[in-house]
There are 2 protein chains.
Amino acid sequence: MDGVPKLVTDLLMPGREGGYAKGYETRELILRTALHILIEEGYRAMSMRRIAGACGMRLGNLTYHYPTREDLVRELLNAVISSYEVEFGAIVHAPGLEPEERLTRLCNLIIEDIGSKKTTRLFPELWALANHDAFVYERVHELYDRARAPLIEIIAEMRPDLPEKDRLDLGLFISASMEGLTVFAGYQMPFAQRMPAVEHIAIRSFIDIVRSFQPA
Amino acid sequence: MDGVPKLVTDLLMPGREGGYAKGYETRELILRTALHILIEEGYRAMSMRRIAGACGMRLGNLTYHYPTREDLVRELLNAVISSYEVEFGAIVHAPGLEPEERLTRLCNLIIEDIGSKKTTRLFPELWALANHDAFVYERVHELYDRARAPLIEIIAEMRPDLPEKDRLDLGLFISASMEGLTVFAGYQMPFAQRMPAVEHIAIRSFIDIVRSFQPA
DNA sequence: TCCAAATTAGGACAGTTGACAATTTTATGA
DNA sequence: TCATAAAATTGTCAACTGTCCTAATTTGGA
């Protein structure tokens with residue numbers, strides 16, 4: 001937990017003065033525990049009783065803080081998505097660097113995150129949930145839009161001659177392409193130990209395609 | 001169901017002479033129904049009672065054909081994976097075509113499949129399941145290995161000068177990259193109507209990177 | 001036709017789930 | 001100190017889950 005932003009207090013209630021309202025430490029604990037179970041054991045295992053037990057509290061107390069399971073899931077999702085938005089938002093501003101170098105760094109950072117167990121486990125769960133839950137769909141969709149924004153910004157710097165439509169297409173391809181690595185990063189063999197080489201190929205490919213793209 | 005291969009009879013028991021054993025039509029129906037529910041409503045909704053109900057049979061009858069839920073899930077997975085293997089296996093042999101043209105066709109076919117609702121819904125479910133189920137993990141892993149084989153074959157034709165390791169890396173990048181489109185193909189906006197353009201960018205990018213790759 | 005096997009139906013079981021209500025404990029502030 | 005609200009406990013509820021068992025029915029072959 002060292003330095004990791006707290007889900008609720010730091011993200012859902014940023015910079016609240018005079019401390020936080022009572023019970024927010026508990027809500028915080030609940031969400032972190034729920035997320036842990038979701039990542040380690042999957043959505044099916046993330047029952048109210050399982051969460052309560054892992055928190056060391058009784059079911060009734062959990063439903064006091066989150067009356068329904070849907071309440072809990074929604075706040076968890078908001079917190080998780082917010083944490084990713086904060087992470088990617090920090091990349092946008094890196095003055096004094098060539099756009100290609102910034103593209104490389106951005107891709108490196110995203111791919112590094114993609115390689116983490118948290119992301120490789122969490123996002124497949126979210127994709128599956130999004131298929132049948134409009135709220136999850138909405139939030140994940142929103143996250144991708146925000147994550148794509150700095151990417152498209154850099155593309156615009158590299159190719160000011162392109163119409164916006166083409167820049168969007170390039171951004172969509174690159175982001176989708178990187179997202180695909182999430183699926184494979186979860187596999188141990190033969191992908192895991194080849195990840196650095198594949199990452200290198202990916203970034204080279206991205207730079208090449210942006211540099212050489214010819215509008216139809 | 002016109003022309004669509006039957007899950008069990010056509011794939012798990014291909015070319016069985018003298019017809020199929022009794023009860024295989026029922027097992028067929030069960031698997032198709034289960035798959036339909038899995039795609040349309042998700043893994044959670046795919047309960048034994050739900051499947052039986054959708055098949056127009058009683059629970060006891062379903063458990064006669066599949067004593068445990070795990071039996072059903074495993075055979076369903078085997079059938080689904082087999083159907084994809086059959087699909088991709090047909091691509092390998094297309095004599096008299098330049099390797100680049102074959103790469104383009106292969107990518108087109110995969111991307112076309114990726115755009116189908118069946119695939120965009122099913123695979124996120126499988127990824128999520130694979131995270132916490134060794135059997136699902138194994139089968140999905142296997143499928144990707146098989147799907148990558150023809151791709152790497154074409155890469156070998158295009159770049160016989162490269163060591164095998166580099167060809168594998170290129171194949172991994174391209175397949176992972178295409179798989180990433182699955183995630184986004186499920187989204188209605190803004191990706192869906194941009195899919196053709198992104199597909200074009202993707203294939204151009206793949207050809208370029210294979211053609212111009214320089215070993216370290 | 002008739003027997004035996006395959007199939008279907010129906011019921012029951014223990015376990016789990018989310019939600020809720022009544023209650024007690026704890027913390028807070030005047 | 002004490003009243004008040006917040007927090008946590010305990011127990012209950014109907015609904016649902018997978019599994020198992022037995023009886024009825026249908027089917028196919030001799």
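Positions of Cβ are set from backbone N, Cα and C atoms, glycine also.
Automated prediction, rather than curation, is the source of TrEMBL annotations.
Predicted, not measured: the structure shown is a model, and the values here were computed from it.
Looking at B:47-66, B:67-86, B:87-106, B:147-166, the range annotated in TrEMBL as DNA-binding region turns out to be B:47-66.
Across the domain 'HTH tetR-type' (B:24-84), DSSP assigns 49 helix, 0 strand, 12 coil.
Each residue in the domain 'HTH tetR-type' (B:24-84) has a pLDDT score, and their mean in this model is 96.
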